[in-house]
Structure formats: C-alpha cells, structure tokens
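Feature annotation from TrEMBL assigns transmembrane segment to 18-37, 57-77, 104-124, 144-164, 171-189, 217-234.
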C-alpha cells in the first residue's frame, strides 16, 4: 500500500514566482470555465425568456461545460496542473501531490476566478442574475450529497487515471478532453437533481454574486469527500509502490 505524508510546505511558497504563476493560471482557467458554463445557462434563459428547464437546455449545459473545462484544463496544465477545481486540488493535497500552502493559493485563485467571471457576466448581460446551484423539488440534501460525491469521484478518478498515473503513457495526451467529457456526462445525470456542480468554485461564484447560500455546504462536502475517496483509492490500488507522479513540477 502506498503511503505519503501530507506536506505543509514552506511559507516562501507564497512569494515564489513559480507558485504565483501557478495561482494566476488557476485564476484564469477557472474564470474561463465559469464564464463559459454559467454564461451558457444565462444565454439559454435569455433566448427562452426565462422559460422552464428542458432536455435541450440540459444538453446545452453539458456541452458548454465539457468544452469549457477541456480548454480550461488544457491552458493551465503546463503551469499549474490545470486543476480548475478546489476538490481536485484537495485530492492532490491529501495524497502528497501538492503542499497545503500551494493548495491554499490555488483555492483562493479558483474562488476569485469564479467570482470575477460571475461579476463580468452580470455586467455584460445588462444585469442578468447569475443563478446559484439549488436542489430540485423532491431532492433532499443527502440525495444531493450522494450525487455530488459520486460525480466528483468519477471526475477525480479520471484525473488520476489520465493525468497522474505514471503508467498513463499516451493516454495523458487526451487527459483534458477526458476530464471535460466526464463532467459533461455527469451534468446529464445530476443536472436535473442538484445542478451537478462537482466543483466548489463553480458553486461559490454564483452564490456570492447572487447572495444565495441555501444548501451551499452540499456543494463543498460532496465534492471534497468524493475527491478524497477517488484519490486515495486510485493511488493505493493502481499506483501503489510502482511510482508516484505529482500533478505539477515543484521547486520545493
């Protein structure tokens, strides 16, 4: 069984140029992703006159998030690892792929990127509301926790299989596409029930800008739990003692 110590990191990481560049990469990648994903939902609402949710709208949300995340991961991969998600960063942290201090930098950057994207959308759309995530009728908080946990497990499992595993070979080339596709597929499953976030930053930006925090904890607890489970299981079962590869190159 592979065992790795959680690394706290050095305080000088906060001022190290490589760490700062990585944080900026996470900021811009998250901004790109949230602007595309949240913006597609706002565009659909405008075209339908705030009409009811439809299968077509769900498909649009799935495709826009899949394409947006594919690009966001791709443009950040060589700088920060292309996490674009606090839950992905958390999974990397608990398995020793990234230090706590650098994780905190990433989390701040990801949350700010989401908030700025929502502010820009609100302004550019002439004041349209950035809709926060919520539970559908008949869906309990624990139903939603299960959805978010399982969907994020699938996401982080995909990250480890295509981007982290030292034995990935040529599969690493399609990692951003695979990561985008699993998110798009999960939205088709969980979207009608709880919005299918899988990403606390994606939930945080709209919640802050619209100041709507109902059941917001679900969109942190589920993704963090699912991420931790996927990281620990994949690392111990499939990577084990054969090797261990970080999501980013570290100077520390």
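Note that Cβ sites are derived from N, Cα and C of the backbone, with glycine treated the same way.
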_Are the transmembrane segment (57-77) and the transmembrane segment (171-189) close enough to be called in contact, which here means at least 3 C-beta pairs under 8 A that are separated by 6 or more residues?_
yes
_Contact set, same chain, for the transmembrane segment (144-164): CB under 8 Å, 6 or more residues outside the stretch_ = 77, 81-82, 85, 87-88, 91-92, 97, 135, 171-172, 174-175, 178-179, 182-183, 186, 189-190, 193-194, 196-199, 215, 218-219, 221-227, 229-231, 233-235, 238-239, 245, 247
